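For reference, the structure discussed in these notes is given below.
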Amino acid sequence: MTRSDKNPSNGGHAVKVRGLVKHYGGPQGTRALDGVDLDVREGTVLGVLGPNGAGKTTLVRCLSTLITPDSGSAVVAGYDVLRQPRQLRRKIGLTGQYASVDEKLSGFENLYMIGRLLDLSRADAKRRATELLERFSLTEAAKRPAATYSGGMRRRLDLAASMIGQPAVLYLDEPTTGLDPRTRNEVWDEVKRMVGEGVTVLLTTQYMEEAEQLASELTVIDRGKIIAGGGIAELKAKIGGRTLRVRPADPAELRAMAADLDASGLTGLATATVDAENGTVLVPVQSDEQLTAIVAALASRGYALADIATELPSLDEVFLSLTGHKSSAPQDAAPTREEVAA
Amino acid sequence: MTTATTAPLDAPPTLKQGDADDRIGLRAHVRHTGALIRRNLLWIRNNPESMFDALLMPVVFTLLFVYVFGGSIGQALGGGQDAYVQYVIPGMLAMMSMTIAQAVGTGFNEDFQKGIMDRFRSLPIGRASVLIAKISVEILRMLIATTVLMVVAVLVGFEVTSWSGLFAAVGLSALFGFGVMWIFLTLGVVMKSAQSVQAMGFLVMMPLQFGSSIFAPTASMPGWLEAFTQYNPMSGLADAARGLMVGGPIAHGLWVTLAWSIGLTVVMAPIAIRKFTNKA
């Protein structure tokens, strides 16, 4: 892939968005985007984290020329989204929330068609399609209609379709929403590989875990506004990082273990709490070093452990710590009745 | 000495120059349209049942009308069933063009629902290519339906008096179908589901098809309805096709059909293209 697109005056940013505004249903309608600024450095992944209805998809649609923003500016891969949409389309790849491939065509035919639409010769389109099917482990299913693919296969085909034009910038709009954990891991591995090849990625997601897996920087969006941004580590520190969950082999040791941890000073400013119902002790941890030290301390004190796990904060917890309120939009995971009634 | 100038933080980044006008050339347009036509043809190959309407409708309708109404209407025409065959087959040609044109709307609507349209719209292709490919394949389907119709027609005893007239009639009905397609393309873009496109199409088509000279002469209809049929494009096309294929007056029907075909295209094509381009 050519990296000759580097434009020094662009400050090494593959995506630069300033004051982007998009209304739906007239000026009195919803402000899907309410003055969004963001930058993605070349060759990095920016995660855009937010609940349903926060404006993530609207942002991606604006940046991929599918809709026109009402005001603001955006430059992607050196091209102005508003004034140079045609040139820009050669530089971007798009993988939507719903796999946007033609279900009635086979995997091969889908990729071949997109190759032809991207002005590859017949031979090149064929070669590229074969190459990408191989790479995304779809060779065996190449001749079957995409309608017969599993969710993960379809998402992989969608990713392959986005890669045909060797884009400089790739938009992934909730690439793993609705996938089971194993398939999710497969998609993550593919994304990591693409990033390794130098593609710049703008990733939208509802999952903190996904952002942590893929992104180096994170922007949190709510009701069309950016409410926090920065490096993943920085943001994690702000929102309290992970929670360590330890299960002693003997439930009778729960309280002693919590007290020991508090006394050790390893828990920092936080305290260990006992979750008697689940038979675990919970400790907020900020770093890998702290995590290691806690586990070592427990081992050296002779506790027999049945299970150790760390948990990332959920989207709700992230929002709670950033804004003091729960995310405003309805969640994928069935909204609670209380919220609906309130 | 050079003076270093500090750019303000919010200065717009310099845009790339040189290929500022990256217009799509004619050859690229042809290539894109070809790739999309190929896609639509593969659909048919993978789902042969999608051709049922084009293959079976001409057969079923011709047999029904000829054997159910043929005797009695034929008598009114001063002949028998044979006279009705000569009357109704050109009418069937007119009906085919509209019925097949309607299918373009549902197929197009599905593309929007499935997200593949977003993929097309994010690619560096002329948006018209997507429309042109769809229309080309529908015209092809229309020609296939016409061929089937003519085979059935000959089997039930239809006699063509002018072969050049037959080809002219087929061309005219394709032209009218082209005009009608813009209506259904627009509906396909603006309506929420393929079912509603189909329901809407049904509502528009029924009065136009039956309130016309397709199936029966209009002389016995009430005055207001006869007046309507005079300018109903379905009558125009049926009458013109009749004149061209088996002899009779051509001019009025031809002008009505041409006026409608061109009028629909001039008015609806820009609307369809604009709705298509702006669809959020």
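Just so you know, glycine gets a Cβ as well, placed from its N, Cα and C.
Given the ranges B:1-20, B:21-40, the record in TrEMBL names B:1-20 as region 'Disordered'. The transmembrane segment (B:164-190) shares more Cβ pairs under 8 Å with B:84-108 than with any other stretch in the list B:55-78, B:84-108, B:129-158, B:202-225, B:254-273. A contact between the transmembrane segment (B:55-78) and the transmembrane segment (B:254-273) is absent, since fewer than 3 of their C-beta pairs, 6 or more residues apart, lie under 8 Å. Remote same-chain partners of the transmembrane segment (B:254-273), defined as residues 6 or more beyond its termini with a Cβ less than 8 Å from a stretch Cβ, comprise 127-128, 131, 172, 175-176, 178-180, 182-183, 185-186, 189, 230-233, 235-237, 240, 243. Of the two recorded stretches, the transmembrane segment (B:129-158) does not lie close to the transmembrane segment (B:202-225), with fewer than three CB pairs under 8 Å once pairs fewer than 6 apart in sequence are set aside. Nonlocal intrachain contacts for the transmembrane segment (B:84-108), taken as residues 6+ away from its ends with a CB within less than 8 angstroms of a stretch CB, comprise 53-54, 57-58, 61-62, 65-66, 69-71, 73-74, 77, 134-135, 138, 141-142, 145-146, 149, 153, 156-159, 169-170, 173-174, 176-178, 180-181, 183-185, 187-189, 191, 194, 197-198, 201, 205, 208-209, 212-215, 217, 234, 237-238, 241-242, 244-246.
For the transmembrane segment (B:202-225), the residues of the chain that approach it from at least six positions outside its boundaries are 65, 69, 73, 76-77, 87-88, 91-92, 94-95, 98-99, 102, 183, 232-235, 238-239, judged by C-beta separation under 8 angstroms.
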